[in-house]
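Enquirer: Here's a structure for you.
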Amino acid sequence: MIERGKFRSLTLINWNGFFARTFDLDELVTTLSGGNGAGKSTTMAAFVTALIPDLTLLHFRNTTEAGATSGSRDKGLHGKLKVGVCYSMLDTINSRHQRVVVGVRLQQVAGRDRKVDIKPFAIQGLPMSVQPTQLVTETLNERQARVLPLNELKDKLEAMEGVQFKQFNSITDYHSLMFDLGIIARRLRSASDRSKFYRLIEASLYGGISSAITRSLRDYLLPENSGVRKAFQDMEAALRENRMTLEAIRVTQSDRDLFKHLISEATNYVAADYMRHANERRVHLDKALEFRRELYTSRQQLAAEQYKHVDMARELAEHNGAEGDLEADYQAASDHLNLVQTALRQQEKIERYEADLDELQIRLEEQNEVVAEAIERQEENEARAEAAELEVDELKSQLADYQQALDVQQTRAIQYNQAIAALNRAKELCHLPDLTADSAAEWLETFQAKELEATEKMLSLEQKMSMAQTAHSQFEQAYQLVVAINGPLARNEAWDVARELLREGVEQRHLAEQVQPLRMRLSELEQRLREQQEAERLLADFCKRQGKNFDIDELEALHQELEARIASLSDSVSNAREERMALCQEQEQLQSRIQSLMQRAPVWLAAQNSLNQLSEQCGEEFSSSQDVTEYLQQLLEREREAIVERDEVGARKNAVDEEIERLSQPGGSEDQRLNALAERFGGVLLSEIYDDVSLEDAPYFSALYGPSRHAIVVPDLSQVTEHLEGLTDCPEDLYLIEGDPQSFDDSVFSVDELEKAVVVKIADRQWRYSRFPEVPLFGRAACESRIESLHAEREVLSERFATLSFDVQKTQRLHQAFSRFIGSHLAVAFESDPEPEIRQLNSRRVELERALSNHENDNQQQRIQFEQAKEGVTALNRILPRLNLLADDSLADRVDEIRERLDEAQEAARFVQQFGNQLAKLEPIVSVLQSDPEQFEQLKEDYAYSQQMQRDARQQAFALTEVVQRRAHFSYSDSAEMLSGNSDLNEKLRERLEQAEAERTRAREALRGHAAQLSQYNQVLASLKSSYDTKKELLNDLQRELQDIGVRADSGAEERARIRRDELHAQLSNNRSRRNQLEKALTFCEAEMDNLTRKLRRLERDYFEMREQVVTAKAGWCAVMRMVKDNGVERRLHRRELAYLSADDLRSMSDKALGALRLAVADNEHLRDVLRMSEDPKRPERKIQFFVAVYQHLRERIRQDIIRTDDPVEAIEQMEIELSRLTEELTSREQKLAISSRSVANIIRKTIQREQNRIRILNQGLQNVSFGQVNSVRLNVNVRETHAMLLDVLSEQHEQHQDLFNSNRLTFSEALAKLYQRLNPQIDMGQRTPQTIGEELLDYRNYLEMEVEVNRGSDGWLRAESGALSTGEAIGTGMSILVMVVQSWEDESRRLRGKDISPCRLLFLDEAARLDARSIATLFELCERLQMQLIIAAPENISPEKGTTYKLVRKVFQNTEHVHVVGLRGFAPQLPETLPGSDEAPS
């Protein structure tokens, strides 16, 4: 029998009162006896600290603090230590007789928080002779010792041979070592486990029934069914993994589309760029060659343009020089025309002014006559006015006389007024302000004499005027004519000059008559001269264009030669046009054929790709469409055979799965109904009783029981009878055996064992012979062996089924691929390759383009020659009619001679035209110039002055006469106011006076009117004279200007000048037009040269850039090709059908794929970075790197155990097949993995029954425990009503709740929680998740309710509570509960610890004075029966009969406090024996 481990001693080093004290512990009870403050609690605290060194748990409170929520600040530990290093060590010996010292080093930490530093350690291999105090202390002298620090202790122990020292950094490691060595009963894995252990120690230390333990008895007493829970967790993990795998498969199936999309878009992205670069490389090569051809052509064109530019520049310089002369000639001709036109206008003005002068002279003579008549009428009017005045005066005098007679005063008054008025008028007219009535007579005589003198003088001058007027007018006329012709001269020279002018006029008229014939002759000669000059210019131009000088005699022969050349070139051009049309037609046909082939090529290439893929997939070569259809028939036959074989393997695999499921049922029952019946009958399946039968004995027992191997063993058959009535849900044959399931044996049968068989004597007349089965299924070992073989067979069948399924799906997909090929590509797949024909046609097209180019060059040269010949013929056609003019050398001299004669004639005509009229007028009156009447103007002025003097004298004399006649009236001033009435005679006189005054007024008005009219006539006459003089002056100016112009203004002069100007203008225009043409041509030539130069530079730059680009691209392309070939992706990227797309289409295709790829790789950082780097257009190899990265990314996701290929495209095809197979397999696996709800209920019920039986056994050990009135203690275990209902529903009504357990969204734990909530809606689940609740429901401990009951006196069994028991009874009851807990822990941990170790059992009891002697004796008995150590702290009056007792007395010596300890072992039958130890005080 295995000995139980024991605690040998407890050592305290440097504790309060204990410097170095070792307490040897008794094998049963160790009692610490002493008064208050003796150190009992300190000793126990040191033991607990060494046992559980967790400062978060340690709390040493006094008994009075029991139940308090808070204690002292240091939790009772800091105050129990002394300053410096402290130790608490436990010396133990385990079941293997190994000595192990475990302990802790404690040290107070300075500070107000009163903290303690704890370091656990362990010592192994220590010799039995070495005491713990010797390890940690060093003796200085007889009365002094020193405590060793932990590092010195470590060094000291390492120096000892065979001794192991371990220091722990975690409490978990410390407790793990103590559990493995059998020091503690339970493995303390976590802080929760340490807390339970501490609560147990604390409960035992302070005694009583601990509410912390009784409230959680399930956690302390019921072991965690980790196996069942792990099975559930494994099952759920498998289901979860299976569902996650299914979900992953679904995700993978969706990712498969993503992968296909990724591969497709990556291929499009990279292949489009790859083919675009390939096309661009070819295009760049073609462009480089084209640039080189254009470069050479442009150089030739530039040289030709430079030669052409030199010729045109030379011709332009000649035209520029000629243009200056022509402009000067044209300007001179224009000026001459302007002068002629001006002279003609001047001549017209002169003629118009001469006509105006003649008209004005006539009008002037007429106006003179009118003025003379008006003067005569004016004199008559004046006489009539004077008569009217006399009559009025007479009537007035008569009226005055008569008035005087009637009224003297009135008459005098009137006369006076009239006299005053006359006097005033006389003063005014005579300019005599001092004139008076008295002096008027004297002045009258003076003015009458003056009037008479003036009249005589006027008459004398009038007579002289009439005589000189006629002679004066003729002389002036003749003199003015001479002045007009010859210019200003003296009047005495007029006669001689006039005669000379008349002779010159006769000569000029004779010359003027020759102007017209000379002008006509000159015009004719000038026209011929111009034609001769034009012919010379044309000939010079022609020679210059031909580049050779020709004589006049050679021109006709040259004309014939050029016409012959034109005819031959015209035929050549016509033939060249036809030849070009034939070449163009052939080129168009080739282009059309190439276009058709290029449209067919991608379709043919796609068909070839599909055909090659089919050939690779099936490993066959197809040469015609018939081969494809024949292979398709073979494929269909192969598919049918594979499907049949797959179905057979699947059926066998399902059978094996069913057998495995049947054998895997809990309890070894193959029929689930037997488990329900066994539970219903209160029995046990026979297979459960023989569950642990060995594999060797399984055939025997299987044959022994035969058909009854599935029987139910019940305690009493009579109690089952009532259950059999109406039983229908059971197997056809139900066997029941009466017996005790706990002690069942096979003695119920009489059996004889044979060779590999048995004979069972069922009754006297009935035997059964049963052979040993080849595959026994009785017992767990046999079932597991059979299940293992079935699993192996199932693996083979699954692999074969997977292979067949894969082959079937592969065949089906191949069939679909063939069907798609036949529908899409069969019509064109076996046609000839169009690309060789395209290459051949392209080479022919290049030849045609070259031929067309050469033909165009030849045709261009012929066209130039043709145009040059046509221009030469046109020029000769203009020159040949003028050959006679070219030969006439005297034409220019004749023109000059006629021009001189014409100038003389035109000068004479101009003189006759200018002065002909004046000479004609001068000729009849030239004789009057011999005498000059110079005094006529002076006479005329004197006459006018005498007339004015005569009129003034007459008016003055009249005014003075009137004053003299009224001189007597001045004395009537006093009668002015004395008026009276008039008579009839007075009225008549007055009327007659009025008539006379009216007549006088009319005469005056008439006089004034005639005077105004005379004034008008005089004004008209003056204006006519002024106009005549002005026009005469203007005429003289015009004649002088015409002479200054110096141009003959005849009728044909303007026409000749205009013709000359127009001819020069035409020549100038032609010259300018040609110059402009040359300038434009030169500008165009320069522009063309500039363009050619720029084009040449650009071509050179483009050629060298393109050449460099081709060279660079070649290196880059080589790198790309090397990378493509190294990674084996050329077949994927070199898609020949893309070669027929344009660069824009390929770029668009690549850009679209890039946009799709950005979305596809957005979640993959590596691919996203590689894709971003690949977007650099200058680094095409990065796109290949991206493509390789995509392939590598997909290869990494290929499961090589499933898909045996490195090609992601093929892998995706295989993946589709494999995923569908895996989906089917995992779905069936999930159905098999999912444990039934009935099985769960059975497992939980069986576990509950097992634990109830274990608790029942534990209760048997407590039946005889008694404390005071408590006669017995037991644990009552019941199933909770809500959980029992859950188990019933799971086992019997699970069909109603399959919506929970069949849901793919819920795990079994979650479904169980949902069912619990459905059954108990009144229970509040709080914030816990269904998964947490379900995991709790899978733990059988949550189904049980546990409580402690005591049998106390007459009350019988009642719930153990502190309030219902005395203190001693509570302590005893609590101790009993703790013993049960420790025993339960040992049972639970037995399978975790080595089988050769039985752990130490030790509990505490402080303040044991509350127990009576009977209770203490019961504790001793309990410790002895359970091999448990107990440490009791009791006052001095307690003296146990057994065990070891320590008496502690705390003393003070020289201000030093220490505890005096005396140990006693047994005192009743034996003498007291002092235990080892000393009372030394600390130094």
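Just so it is clear, glycine is given a Cβ too, placed from its N, Cα and C backbone atoms.
Because the structure is a prediction, the values reported are computed rather than measured.
Per Swiss-Prot, the feature ATP binding site maps to Gly34, Gly35, Asn36, Gly37, Ala38, Gly39, Lys40, Ser41. Annotation source Swiss-Prot lists coiled coil at 326-418, 444-480, 509-601, 780-804, 837-923, 977-1115, 1209-1265, citing sequence analysis. Residues or ranges marked as region 'Flexible hinge' in Swiss-Prot: 666-783.
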Enquirer: So how many of the residues in the region 'Flexible hinge' (666-783) end up helix, strand or coil by DSSP?
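Expert: DSSP classes over the region 'Flexible hinge' (666-783) add up to 41 helix, 26 strand, 51 coil.
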Enquirer: I'm a bit unsure how to read this: which one of 509-601, 780-804, 837-923, 977-1115 has the highest number of Cβ pairs shorter than 8 Å with the coiled coil (326-418)?
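Expert: Between the candidates 509-601, 780-804, 837-923, 977-1115, the best contact partner of the coiled coil (326-418) is 977-1115.
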Enquirer: Test of understanding: give the count of other CB atoms lying within 10 angstroms of the CB of Gly34 (ATP binding site).
Expert: 22
Enquirer: Answer yes if the coiled coil (977-1115) and the coiled coil (780-804) have at least three CB pairs under 8 Å among residue pairs 6 or more apart in sequence, and no otherwise.
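Expert: Touching, no - the coiled coil (977-1115) and the coiled coil (780-804) miss the threshold of 3 or more Cβ pairs under 8 Å.
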Enquirer: By a simple count, how many Cβ atoms lie within 10 Å of the Cβ of Lys40 (ATP binding site), its own Cβ left out?
Expert: 24
Enquirer: Tell me, if you would, which residue among Asn36, Ser41 (binding-site residues) has the fewest other CB atoms within 10 Å in the structure shown?
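Expert: Candidates: the binding-site residues Asn36, Ser41. Fewest Cβ atoms within 10 Å: Asn36.
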Enquirer: Would you list, in sequence order, the residues of this chain other than Gly34, Gly35, Asn36, Gly37, Ala38, Gly39, Lys40, Ser41 that have their CB within 8 A of the centroid of the site's CB atoms, where the site is the one recorded for ATP?
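Expert: Near the ATP site, beyond Gly34, Gly35, Asn36, Gly37, Ala38, Gly39, Lys40, Ser41, sit Ala1433, Leu1448, Arg1450.
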Enquirer: What does DSSP say about Ser41 (ATP binding site): helix, strand or coil?
Expert: helix
Enquirer: Once the chains shown are all counted, how many other Cβ atoms turn up within 10 Å of the Cβ of Ala38 (ATP binding site)?
Expert: 24
Enquirer: Taking the Cβ of Gly39 (ATP binding site) as reference, which residues of that chain separated by at least 6 in sequence fall under 8 Å from it?
Expert: Asn16, Gly17, Phe18, Leu1448, Arg1450, Val1459
Enquirer: Can you check what DSSP calls Gly35 (ATP binding site), collapsed to helix, strand or coil?
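Expert: For Gly35 (ATP binding site) - judged by DSSP and reduced to three states - the answer is coil.
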Enquirer: What mean pLDDT does the predicted model reach across the coiled coil (1209-1265)?
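Expert: The average pLDDT of the model in the coiled coil (1209-1265) works out to 68.
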Enquirer: Within 10 Å of the Cβ of Gly35 (ATP binding site), how many other Cβ atoms are there?
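Expert: Taking every protein chain into account, the count is 13.
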Enquirer: Validating a neighbour-count step here. Other CB atoms within 10 A of the CB of Gly37 (ATP binding site): how many?
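Expert: For Gly37 (ATP binding site), the 10 Å Cβ neighbour count is 14.
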